[in-house]
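In what follows, a structure is listed as structure tokens, so that the remarks can point back to it.
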Amino acid sequence: MANVSKKVSWSGRDRDDEEAAPLLRRTARPGGGTPLLNGAGPGAARQSPRSALFRVGHMSSVELDDELLDPDMDPPHPFPKEIPHNEKLLSLKYESLDYDNSENQLFLEEERRINHTAFRTVEIKRWVICALIGILTGLVACFIDIVVENLAGLKYRVIKGNIDKFTEKGGLSFSLLLWATLNAAFVLVGSVIVAFIEPVAAGSGIPQIKCFLNGVKIPHVVRLKTLVIKVSGVILSVVGGLAVGKEGPMIHSGSVIAAGISQGRSTSLKRDFKIFEYFRRDTEKRDFVSAGAAAGVSAAFGAPVGGVLFSLEEGASFWNQFLTWRIFFASMISTFTLNFVLSIYHGNMWDLSSPGLINFGRFDSEKMAYTIHEIPVFIAMGVVGGVLGAVFNALNYWLTMFRIRYIHRPCLQVIEAVLVAAVTATVAFVLIYSSRDCQPLQGGSMSYPLQLFCADGEYNSMAAAFFNTPEKSVVSLFHDPPGSYNPLTLGLFTLVYFFLACWTYGLTVSAGVFIPSLLIGAAWGRLFGISLSYLTGAAIWADPGKYALMGAAAQLGGIVRMTLSLTVIMMEATSNVTYGFPIMLVLMTAKIVGDVFIEGLYDMHIQLQSVPFLHWEAPVTSHSLTAREVMSTPVTCLRRREKVGVIVDVLSDTASNHNGFPVVEHADDTQPARLQGLILRSQLIVLLKHKVFVERSNLGLVQRRLRLKDFRDAYPRFPPIQSIHVSQDERECTMDLSEFMNPSPYTVPQEASLPRVFKLFRALGLRHLVVVDNRNQVVGLVTRKDLARYRLGKRGLEELSLAQT
């Protein structure tokens with residue numbers, strides 16, 4: 001753990017800087033806890049001799065890691081450490097994004113120079129970017145689908161030929177070894193590239209994108225390298241036979257594509273195409289990432305409307321009508337691109353019948369009709385889905401806690417992934433080998449039928465579920481005719497795949513949980529339908545396919561707790577509006593029942609990572625708290641004209657300041673300093689880099705006036721303060737912040753209630769909210785962590801502890 005008082009060595013320091021140093025150095029209290037209410041008394045502002053650095057009130061300091069000395073630059077991802085992450089902690093390592101434009105003089109001057117034609121051009125560029133997002137997301141989805149189809153097909157053909165060969169000769173243990181080895185080999189490569197190259201590419205990426213859109217800066221989450229590892233990893237995971245799907249990671253992939261395209265450059269490749277420079281800020285990037293997430297859903301399921309609703313329900317924290325149109329446009333372009341390219345690949349250029357990575361097939365409303373009497377049955381299935389989803393999430397919670405504590409090294413993570421791959425193949429082989437459920441072989445009933453000990457013209461039905469990609473297994477459970485599976489086969493498959501999927505989610509591989517959830521639900525849903533037909537004998541229950549559909553919706557809803565978007569996704573993926581109402585009932589019931597026991601899977605993992613995630617509303621019992629009780633103090637304030645040495649020292653000491661600094665000024669020597677504006681750390685970094693000093697301007701040493709473009713060129717990887725050399729003479733210079741600060745920051749009185757502060761902060765996407773008294777003096781600063789630390793628990797309002805990492 002780094003000491004917060006660690007200083008950066010500079011070329012020189014004068015006596016005034018040494019006098020100011022005690023205010024800049026704060027040592028963390030080992031084991032110091034955070035008080036229940038972070039109250040701040042009316043502390044007087046303190047000023048160091050001959051400097052303009054202010055501290056207001058009191059603060060409990062915390063320890064930070066070395067890599068966080070400059071929060072505005074993404075830290076290099078270290079190997080995971082054994083840290084006490086859980087849902088009762090809030091990590092200090094996460095920083096916020098700036099979703100509120102800083103309306104300083106540079107910004108206003110640029111906006112005033114833009115005429116109506118230029119604004120129309122900017123709007124056209126937004127639509128062009130959305131089209132590019134849709135096209136590239138669709139192409140990435142095509143690449144994943146084609147590679148998975150070919151590699152998985154090759155693997156299953158080799159294993160099938162080997163099993164057919166050794167079934168007659170004996171020695172099926174060699175077939176088991178071959179299957180387990182192939183699976184382990186693919187997963188080994190997929191896990192190594194994630195664990196050692198880009199850990200943020202693990203999982204589906206949906207929790208990370210939710211956090212990004214919420215305003216939390218997740219390092220490396222939208223990097224080009226992350227996209228490459230994500231795509232490669234998900235291919236290897238699916239081909240490796242894990243209980244995963246390739247659809248969930250498409251949401252992350254689409255988001256990365258959107259973040260890259262919208263900036264008109266690649267910082268990873270160090271290529272700047274000099275286009276779309278206007279959009280190089282967090283506010284614009286956020287909107288395009290929302291479109292990318294929707295395009296990913298659209299490409300995965302062929303559901304453009306569902307993609308828009310998913311982005312609204314699970315992703316985008318900020319919304320407007322124009323954004324809705326652009327997101328829908330990107331989603332439509334994405335699914336059309338995928339459809340068109342796959343039609344060419346399959347040799348049917350004008351047959352646009354493959355809108356998504358998974359095609360659930362058409363459900364014939366006439367053959368699969370439902371009546372009003374089945375509504376209670378569907379609701380009961382929703383209850384089952386909610387309970388099973390809660391069990392799934394609870395088991396995965398304890399498994400994740402175990403991994404955080406004991407499997408935190410990359411080598412151990414790779415070993416676990418390979419072990420799961422081998423166990424998955426072994427369990428599948430044993431179940432297929434032990435099953436005597438033989439069914440007549442029908443044309444096209446399955447891609448790789450295994451005969452084993454069945455008679456000629458028959459195949460092992462357990463293999464139809466296990467010996468296939470998960471997407472094809474889902475379609476098989478939906479559409480295979482009645483009698484294709486016996487109850488024992490479905491029961492065993494449900495039980496085994498449930499635990500395999502639970503064990504698999506959270507591995508250090510790129511994979512999603514959508515398809516495994518659908519597959520589990522389709523299996524027990526089909527079993528539910530078969531049991532119902534046995535009990536009643538009525539023809540109305542004859543087709544188990546509709547119960548497989550309802551079970552799939554119930555299981556997925558019980559795990560991820562989405563209602564609106566999942567209803568539309570299922571309707572679009574099945575090309576059937578008839579079942580819209582029962583699907584909605586099932587999903588709502590599953591969510592209500594599941595929420596009684598535990599959070600949804602994505603929200604649970606966000607909490608386990610101790611992310612300061614802000615929900616839509618403040619806790620319902622928080623009206624008794626005020627801004628004065630939740631704000632952070634002391635606040636580091638700067639003057640309009642500030643010494644360079646003071647600014648350098650402030651930026652070097654991240655333990656005692658935030659990433660925004662109120663700018664204050666005295667009316668005269670007898671009056672207290674009043675708030676004049678707010679300036680960000682990133683802006684100060686750029687000013688220091690370009691040496692925008694008053695003395696240099698007076699001597700004519702500044703070649704040109706700083707423009708907004710200079711700040712955009714530095715975005716998003718602002719250089720660390722350690723990389724900027726400031727000489728002893730330059731430390732004595734002065735910096736005028738008037739032109740660069742935001743002169744109208746959002747403020748609240750210290751008596752404002754927590755819900756009101758929360759609503760203002762959350763709705764406007766703020767990073768800092770200044771708390772002032774009735775004389776407009778700064779008394780505190782509200783940040784994301786100050787609001788996220790209050791959460792409604794089972795026993796009322798809870799305050800989370802701050803993690804020392």
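Cβ coordinates come from backbone N, Cα and C, glycine included.
Residues or ranges marked as domain 'CBS 1' by Swiss-Prot on the basis of sequence analysis: 631-695.
Swiss-Prot lists 741-799 with the feature domain 'CBS 2'.
Taken from Swiss-Prot, the feature intramembrane segment applies to 206-213 (among others), supported by similarity to another entry. A Cβ distance under 8 Å defines the sequence-distant neighbours of the intramembrane segment (206-213), meaning residues of its chain 6+ beyond its ends; these are 94, 97, 200, 221-222, 248, 251-252, 255, 286, 289-290, 293, 314-317, 512, 602, 605-606, 609, 611, 613.
For 288-300 (among others), the entry in Swiss-Prot reads intramembrane segment, with the evidence type similarity to another entry. Sequence-remote contacts of a segment are chain residues at least 6 beyond its ends whose Cβ falls under 8 Å from one of its Cβ atoms, and for the intramembrane segment (288-300) they are 129-130, 133-134, 137-138, 140-141, 209, 212-213, 222, 246-248, 250-259, 261-262, 279, 306-308, 310-311, 315-316, 323, 326-328, 330-335, 337-338, 356-358, 514, 565, 569.
Swiss-Prot lists 304-312 (among others) with the feature intramembrane segment.
Under the heading intramembrane segment, Swiss-Prot lists 545-559 (among others), citing similarity to another entry as support. Within its own chain, the intramembrane segment (545-559) is flanked in space by residues 360, 363, 368, 370, 378, 381-382, 384-390, 392-393, 474, 477-480, 513-514, 517-526, 528-529, 532, 566-567, 570, 574, 579, 582-583, 586-591, 593-594, 600-601, which lie at least six positions past its ends and keep a Cβ under 8 Å from the stretch.
According to Swiss-Prot, the feature intramembrane segment maps to 563-574 (among others). If you look at the intramembrane segment (563-574), the same-chain residues 6 or more away from its ends with a CB under 8 A from one of its CBs are 297, 301-307, 309-310, 312-314, 356, 358-363, 549, 552-553, 556-557, 580, 583-584, 587-588, 591.
The intramembrane segment annotation in Swiss-Prot covers 575-578 (among others). Remote same-chain residues near the intramembrane segment (575-578) are listed as 362-363, 365, 369-370 (criterion: CB distance under 8 Å, separation of at least six residues from the stretch ends).
Sequence annotations record features per position, and here Swiss-Prot assigns phosphoserine to Ser9 (among others).
Swiss-Prot lists Ser60 (among others) with the feature phosphoserine.
According to its DSSP assignment, Ser801 (phosphoserine) is in a strand. Ser801 (phosphoserine) counts 14 other C-beta atoms within 10 Å of its own C-beta, drawing on all protein chains shown. The phosphoserine annotation in Swiss-Prot covers Ser801 (among others).
Per Swiss-Prot, motif 'Selectivity filter part_1' is recorded for 203-207. Mapped onto DSSP classes, the motif 'Selectivity filter part_1' (203-207) shows 2 helix, 1 strand, 2 coil.
Counting residues of the domain 'CBS 1' (631-695) by DSSP class, helix then strand then coil, yields 23 helix, 20 strand, 22 coil. When Cβ-Cβ distances below 8 Å are used as the criterion, the intramembrane segment (304-312) is approached by residues 251, 290-291, 293-298, 319, 324, 327-328, 331-332, 334-335, 562, 564-566, 568-569, 571-573 of the same chain, each at least six residues removed from its ends.
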